[in-house]
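According to TrEMBL:
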{"type": "SIGNAL", "residues": "1-26", "note": "signal peptide"}
{"type": "TRANSMEM", "residues": "73-90", "note": "transmembrane segment"}
{"type": "DOMAIN", "residues": "78-283", "note": "domain 'TM7S3/TM198-like'"}
{"type": "TRANSMEM", "residues": "97-115", "note": "transmembrane segment"}
{"type": "TRANSMEM", "residues": "127-146", "note": "transmembrane segment"}
{"type": "TRANSMEM", "residues": "153-178", "note": "transmembrane segment"}
{"type": "TRANSMEM", "residues": "184-205", "note": "transmembrane segment"}
{"type": "TRANSMEM", "residues": "210-231", "note": "transmembrane segment"}
{"type": "TRANSMEM", "residues": "263-282", "note": "transmembrane segment"}
Amino acid sequence: MALAATWMIATLFWTFLTVFSTPAVASPTGLLPRSSFTVNNETGTIYVFGSSGSPIEQGPATDGSGTNFNAPAAIWLIFCLTIGIPMALAGIRGWRLTTGVGIGLASSVCTWAAFINSVDSSGVSDLPLTAIIIVFFCCGFALGIFEIARLGGITAIGIAGGLAFGIRIVLLRAGLIISSTELYALNWGIVALCGVIGGLSLIWFQRYGLLFGCASIGTFLAALGIDLIMAKQSGMSMGLRLLFDRNSSHIAYLLTNGYTPNLTTRIIIIASMGLTPILALIQHRLFPGPFTRRPIESDAALAIDFPTAGLNMEPKRATFFVQLWDGAKEKGGTNKHNRFSVV
């Protein structure tokens, strides 16, 4: 748990540091509020000026999504469907795989947001950026499969599930649900509120919060994958750019392309939101067992098969790897295994 929390905190801190503490990296004016710049389009070419009147150099605004069905686009398409469908249908049964996905997604999303907001006007090409994000996901996933990261992974699933649902609410309308530049922050208020609800649900309704989180993450990724097939980079992908990208070097690109979801994209978003509670209920019915898949044997059964009366047995010394995998901690001869009580 401590190691998982350290990883996520370090990733979030790095995101905050690169996005908000180094504005000179992105452009002379850094990360601008959406209402603090002016645009001149009289010549047919968009010129962006900061509040001081100085021009802001604009770049290609690459974000790793690729174009049409080229290599980066294909990677994201396969990634979304490969992770999304199993999480939507059987995330509660995934155990270590599910906690791995939780920490992996948290790491990759923070990394993606940090990169697109901190690069300069020349940007980073799609394929290297995609590779970097996938590496961060793999590192987070590798950490999340260990027992020591179980609680951190479960927490990440709950929060990410809420955020995934809130993001879809924001993406329902052209220019985001609240399109006014002055009220742009309210979009993130909606997303943050959903994330907080998803995280707090694990405290009072552990199993149901985890079920909803798994289904919400799964339906979001599956919807994004399907939308990449139907609308390519002009659908949900563009909406995510408009929501996450605050880089002042990308203003011209965002204004030129905009986010105007077609009917197909809106149907996909609404359908994925409607399927979320349905798939959560289906998972609850199909997989009624506890989230953990480690067998818990009773003391009576163990006494029958392995009588210990009269034997002076010393506790087995746990190796470092066993402690990582099983979470075994022998203190004073008593097993202090901390089992998350999801039933």
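Cβ atoms here come from the backbone N, Cα and C positions, even for glycine.
In this chain, the transmembrane segment (210-231) touches the transmembrane segment (73-90); three or more CB pairs sit within less than 8 A of each other, excluding pairs fewer than 6 residues apart. The transmembrane segment (127-146) shares the most Cβ pairs under 8 Å with 97-115, out of the stretches 97-115, 153-178, 184-205, 210-231. Looking just at the domain 'TM7S3/TM198-like' (78-283), the mean pLDDT is 90.
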